[in-house]
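Summarising the annotation, TrEMBL assigns transmembrane segment to 12-30. Positions annotated as active site, proton donor/acceptor by TrEMBL: E191. As annotated by TrEMBL, active site, nucleophile applies to E266. If you look up TrEMBL, you'll see 349-463 marked as domain 'Glycosyl hydrolase family 59 central'. Residues or ranges marked as domain 'Glycosyl hydrolase family 59 C-terminal lectin' in TrEMBL: 500-674.
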Amino acid sequence: MNMAVKENISVFKFQGIVNVFVIFCSYVFACRAQSYIFDDEKGLGREFDGIGGLSGGGATSRLLVNYPEPYRSQVLDYLFKPNFGASLHILKVEIGGDAQTTDGTEPSHMHYEDDENYFRGYEWWLMREAKKRNPNITLIGLPWAFPGWIGRGKNWPYDYPDITVYYVVSWIAGAKQYHDLDIDYVGIWNERSFDSKYIKVLRQTLDRVGLTSVRIIAADGDWGISKAMTVDPYLSNAVQVIGAHYPGTYTVADAVKTGKKLWSSEDYSTFNDDIGGGCWARILNQNYVNGLMTSTISWNLVASYYEDLPFGKDGLMTAQEPWSGNYLVESPIWITAHTTQFTQPGWSYLQTVGHLKHGGSYVALTDGLGNLTIVIETMTHDHSVCIRPPLPGFNVSAQNATFSLKGSFSTLTVLQVWYSKFDFKTRKPTYFKQLSPIKLSDGSFTLNLNVDEVYTLTTITTGKKGSYPKPPDSKPFPKKYLEDFNVRNPSFTEAPYFADQTGVFEYFINMSDPGDHVFTLRQVVTQRPVTWVADADQTISVIGDHSWQNMTVSCDIYIETANKGGVFVAGRVTKGGGEVRNTKGIFFWVFADGTYKVTNDLRGEIVLTEGLSGTRAGVWHTLTLRIEGTFASGMLNGYPLWMNVMLLGPSNGWAAIGTRAFEPAQYDNFYVEAN
Ligand SMILES: *[C@@H]1O[C@H](CO)[C@@H](O)[C@H](O)[C@H]1NC(C)=O
Ligand SMILES: *[C@@H]1O[C@H](CO)[C@@H](O)[C@H](O)[C@H]1NC(C)=O
Ligand SMILES: *[C@@H]1O[C@H](CO)[C@@H](O)[C@H](O)[C@H]1NC(C)=O
Ligand SMILES: *[C@@H]1O[C@H](CO)[C@@H](O)[C@H](O)[C@H]1NC(C)=O
Ligand SMILES: *[C@@H]1O[C@H](CO)[C@@H](O)[C@H](O)[C@H]1NC(C)=O
Ligand SMILES: *[C@@H]1O[C@H](CO)[C@@H](O)[C@H](O)[C@H]1NC(C)=O
């Protein structure tokens, strides 16, 4: 059986009613002209819930907040403004948990048990900006990690469900109280085990405190929870959406059996070139055609993190250079527009969706008021591979397809046409171009479809390809960079360009400081979080350009923990993200016990030199690390402490600051000069 027929039959299984005509045409009769029908006569398919982007999981919007205006607003317009660019229906954000969650850490609203602050990080700001542009945007929150106190000493958030629920519900209530944001959906624990008891307590608590409209998505991993839901009606009642990640466009029978909404609640994660755009075009259609998923959410929303961190540029667009203002509107933005600008959550899919005979797929949606939007994609295999899961082979070729409108659409006389083509031969792609409207005679039209194309045919006339003048040219991170942290009313809790990889570094004000260190940067995580990946045992924030080889890093530092405390500055730091534990670099440490150490690794095990420094807690010191070629030297308070230590590597990497353990410490007058 060929692939197309097999897929059609699997759709048949899930959906009950399918485009029988296609099966006859491809299987029974040897039809020459392929015909497809869009019909609402026998009722509609599932309700559409929207297309979204995910900020976080983790720190993926880190650099966006530091863009100068007007570029920052332009990026936000490309993402969220209706009838402009991606015009997203959904914004999903990480509920920061102080731990590393892929490209950095995001701060928690409760670092400690007696702590509460709803102004940390940038997700609140991002949600407000999204709402400002589209008041109807759906908001979702999901934790990846939790501050250490949630686990009560264990790396596990479910042993005390009441505490974890209190923590998550506080975030939802805080969104309303401090930012007037209504959170529409909340998740459980990203890509980790779910716990039925926890989910039920979460549902009961939301209902008890009046947050009945907040729906629960579970479990943001595989489809596994659906089996548990089919045998546990209380669990089933608690969950409103089954969200799976990277489903490869297919669901499972148990998930369909629950009768719940099915979402691809995290998908894409692919380098945002034209193959990434092809991946996105294919899954946006086929997540419904093959798997009845009514929402697809891109990890990530915007690639706004240092490209040398894991999964560089795996966002709908790229904004990773706040120092230059340069950003790139990549093809996934326009692929998104093909669906988002011509549908809304609350519309319904038609039952007549499916695969084209010679490859590709078509979906149709309606608002139930006479509007119709059809999206057709003909992505070839090699030009639409996503990062995961593996994509089985299939063939797509040029084809003529005739579409007939039946039921309430039979009287439509004209459809607007929007068109994209990835042209891997000429390398001259077309993105989201408006073509002449199609005039319908007897309710049908024929398209001469080629490969790697997307068509939207719609009654909606408000589509627009928004644009801004070209942003500034790309530039590397400045070779000389000074940060004195003297910001009286910072817009964000983190200092520009610092990308925390373990721990959280925040602006700090010490009003009782007598002199130069009233405004500092402070590491504030004092206990190992309930982690999502293997955070380091030290804290670290990186900055600069990963290609830097020779550099001087200088910083005033303040150890707060007597006896055991310690702080470092570093250069040539190689790794962040989930691999941060194993990062190499040149680390210059001073400790509260009056010693210093120079190591090749963040773990502090590969010691290059060590000795006495006279450093102690509660006193400001200045560290200077100079790295050139195969040698490094260090100064303390302007005097040489160690000289010309020979280096075996690494050859390049970021600058960084950090602490010996999860302990508070402060930094001031950070300066880096690369050459
Ligand atoms: C929000 O939704 C309402 C109701 O569906 C609609 O009338 C309105 O135009 C929408 N607003 C925007 C900005 O999309
Ligand atoms: C389609 O939607 C528009 C609003 O976007 C509405 O004015 C119109 O009546 C709807 N129906 C048709 C058949 O166009
Ligand atoms: C695709 O086409 C090639 C050449 O006709 C054929 O060998 C191959 O089996 C086809 N692959 C699939 C998955 O149908
Ligand atoms: C589609 O139809 C046109 C005539 O309208 C024909 O020239 C072309 O070869 C057909 N394409 C395919 C792939 O059958
Ligand atoms: C604030 O400054 C005072 C005066 O120098 C000092 O004693 C205190 O330890 C500082 N507090 C913190 C948290 O750094
Ligand atoms: C770094 O310094 C070494 C030794 O001075 C030199 O050979 C090398 O070219 C420098 N690297 C860069 C990128 O300037």
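Backbone N, Cα and C define each Cβ position, glycine as well.
Unlike curated entries, TrEMBL annotations are predicted automatically.
Quantities reported herein were computed from a predicted structural model and do not represent experimental measurements.
Comparing the residue listed as 'active site, nucleophile' with the residue listed as 'active site, proton donor/acceptor', their Cα atoms are 10 Å apart once rounded.
Under DSSP, residues within the domain 'Glycosyl hydrolase family 59 central' (349-463) fall into helix, strand and coil as 3 helix, 54 strand, 58 coil.
Here the residue listed as 'active site, proton donor/acceptor' comes close to D220, G221, H245, W532: these same-chain residues lie at least six apart in sequence, with C-beta atoms under 8 angstroms from its C-beta. Counting every protein chain shown, 26 other Cβ atoms lie within 10 Å of the Cβ of E266 (active site, nucleophile).
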